[in-house]
Amino acid sequence: KEGYPMGRDGCKISCVINNSFCKVECQAKWRQSDGYCYFWGLSCYCTNLPEDAQVWDSSTNKCGG
């Protein structure tokens, strides 16, 4: 599984071409994962996630309220 990790506010975690920051963010939540900064979305994106990982989903987006 893969997807956008969420911060405490339910929003995607922002980045600006900083893959190492995103890798740390992903591995803090899911130890075996990897991550990078998705340039077009300016958000961290995680890969190698467990199937039950909770990631940002546009249909259940609670960001900003």
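Any Cβ shown, glycine's included, is placed from N, Cα and C.
Per Swiss-Prot, the feature domain 'LCN-type CS-alpha/beta' maps to 1-64; the stated evidence is sequence analysis. Here the domain 'LCN-type CS-alpha/beta' (1-64) has a mean pLDDT of 94 out of 100.
The disulfide bond annotation in Swiss-Prot covers Cys11-Cys63 (among others) and is backed by sequence analysis. Note on Cys63 (disulfide bond): other Cβ atoms within 10 Å of its Cβ, all shown chains, come to 12.
Less than 8 angstroms from the CB of Cys37 (disulfide bond) sit Cys15, Val16, Ile17, Asn18, Asn19, Phe21, Cys22, Ser43, Cys44, Tyr45, each of them six or more residues away in the same chain. In the three-state DSSP assignment, the secondary structure recorded for Cys37 (disulfide bond) is strand. Residues or ranges marked as disulfide bond in Swiss-Prot (evidence: sequence analysis): Cys15-Cys37 (among others).
Residue environment of Cys22 (disulfide bond) contains 23 other Cβ atoms, counted within 10 Å of its Cβ in all protein chains. The DSSP secondary structure for Cys22 (disulfide bond) is helix. For Cys22-Cys44 (among others), the entry in Swiss-Prot reads disulfide bond.
Marked as disulfide bond by Swiss-Prot on the basis of sequence analysis: Cys26-Cys46 (among others).
In this structure, the disulfide-bonded residues under consideration are Cys11, Cys44, and the one with the smallest number of other Cβ atoms within 10 Å of its Cβ is Cys11. Within 10 Å of the C-beta of Cys46 (disulfide bond) we count 24 further C-beta atoms, all protein chains included.
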